[in-house]
Amino acid sequence: MKTIIALSYIFCLVFAQNLPGNDKSTATLCLGHHAVPNGTLVKTITNDQIEVTNATELVQSSSTGRICDSPHRILDGKNCTLVDALLGDPHCDGFQNEKWDLFVERSKAFSNCYPYDVPDYASLRSLVASSGTLEFINESFNWTGVTQSGGSYACKRGSDNSFFSRLNWLYESESKYPVLNVTMPNNGNFDKLYIWGVHHPSTDKEQTNLYVRASGRVTVSTKRSQQTIIPNIGSRPWVRGLSSRISIYWTIVKPGDILLINSNGNLIAPRGYFKIRTGKSSIMRSDAPIGTCSSECITPNGSIPNDKPFQNVNKITYGACPKYVKQNTLKLATGMRNVPEKQTRGIFGAIAGFIENGWEGMVDGWYGFRHQNSEGTGQAADLKSTQAAIDQINGKLNRVIEKTNEKFHQIEKEFSEVEGRIQDLEKYVEDTKIDLWSYNAELLVALENQHTIDLTDSEMNKLFEKTRRQLRENAEDMGNGCFKIYHKCDNACIGSIRNGTYDHDVYRDEALNNRFQIKGVELKSGYKDWILWISFAISCFLLCVVLLGFIMWACQKGNIRCNICI
């Protein structure tokens, strides 16, 4: 029995001497890359879901909830629509001569003057909005033979009956309404916008009381255009106590052109003109509050950052905004392929290289070295290969933003009911554009992600090949991203391999001797694992024999009793 115990002990000692890492005349050097416990899934051309160590979201999917007042000049319409402010509704007098980059119309806005309609409302609204100003210049029209500045109880200015401040309601004087024929030249170097209207009485009696004639007519002409409107007399739905209406029209007079107004009744005359400016001002319907902040991009939901190339907040935008796409998320890979580190390394705790898995906890770089030698184990990052990968990835996000950010705004589009088919066509075109952009965005991101992953894999392979060329025949590729170094390689030696100053000639003879020297059981990797497992099994068997022998000896001495009952 003592002989068996002694042999078992000797065998274990010999076996232990041959475990990996105990040979001080060799070392192991592994190359690896950064890994995280939980990576981010991205899409590439070849794979719908591939895990990377880091990724950046490219789609802005939320707003600040408020419209920033900088750097754009925001004009809050409050209770007024832009057209009401243009006409001079009494409760919109505060908007006279105002300027803006973006006019914000609220859902609570209302008209509080004479009931009116604008046959080409959307065009007028868009024209004035893009002009960015309500600057108004009064002109002296000669309205001889009629009474001016008519008012209505439906349009109070304070406690007095009043009317739109930018329009002049003309009606009979001493039961007479002569034919009016007035001209006004444009001697300036800018376009003039004239707003005028036609009154539609609710009854024939109202018509004759105001304009004497049973039917009036209004003709407004320039060298380029002419509009003739015949009033439609008849009752309409009651609004603010009135069943009559005013139709609002507009005429643009170019420099050198002339405005001609001819009427024998029902004319709502202009008091002057608005200056038309060319610019990128706009209008937006929104109930988002206006706050003190800064943002280049504004949507009806509120301002959004424009540091991402895409947004999913709203199709309607103003300013330099990300491109609208349908996707809620598009992630751009800004790190390498993630292969989480295995928590166990087998029975003997060997280190492993990048072919098996990544390394967690590498905070100094993306690529690096781990070693195991006579001085212990260690790890260090390779800053050169890390920087090479980062330099190529860093500008990727900025390049995508430059390709996609719009330097103009997407305005609201309105059409009258008559233009319904045009509206349907326009909507189809817009939807098609969004579909195309959404597809292009997904394709662009997938291509960039594929390039990033290929790039980072390539840097890893470059570092591995660089190390292989340094070590040459002094080491053996273990097939898992590691090298078995066949000479004593302390930490200084390992450092020289990392920084590229390793001289393989210095260690060549020692490495060759160690390669061919037989130490115990030195086997090639094809049979080494088998022998180790067989040796371990024999050791366990011998230990079991020892334990069984002890039990039998104890039974013979009477120290242990064994009763078998049937």
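Quick reminder: no glycine exception, Cβ is built from N, Cα and C everywhere.
Per Swiss-Prot, Cys293 makes its disulfide bond with Cys68 among Cys68, Cys540, Cys544. For Cys80, the disulfide partner named by Swiss-Prot from the candidate list Cys92, Cys113 is Cys92.
With respect to Cβ neighbours within 10 Å, the recorded positions Cys92, Cys297, Cys321, Cys489, Cys555 differ, and Cys555 shows the lowest count. Remark: of the disulfide-bonded residues Cys113, Cys155, the most isolated position is Cys155 (fewest other Cβ atoms within 10 Å of its Cβ). When the disulfide-bonded residues Cys68, Cys80, Cys92, Cys489 are screened for a C-alpha within 10 angstroms of the C-alpha of Cys297 (disulfide bond), the residues that qualify, in sequence order, are Cys68. Considering only the recorded positions Cys68, Cys92, Cys321, Cys555, Cys489 (disulfide bond) has Cys555 as its nearest partner by CA-CA distance. Among the disulfide-bonded residues Cys68, Cys80, Cys293, Cys493, the residue whose Cβ has the fewest other Cβ atoms within 10 Å is Cys293. Looking at Cys555 (S-palmitoyl cysteine) and Cys293 (disulfide bond), their Cα atoms lie 90 Å from each other. Spatially, by CA atoms, the disulfide-bonded residues Cys80, Cys92, Cys113, Cys321, Cys493 include one closest to Cys293 (disulfide bond), and that is Cys321. Of the candidate disulfide-bonded residues, Cys68, Cys113, Cys493, the one lying closest to Cys80 (disulfide bond) when CA atoms are compared is Cys113.
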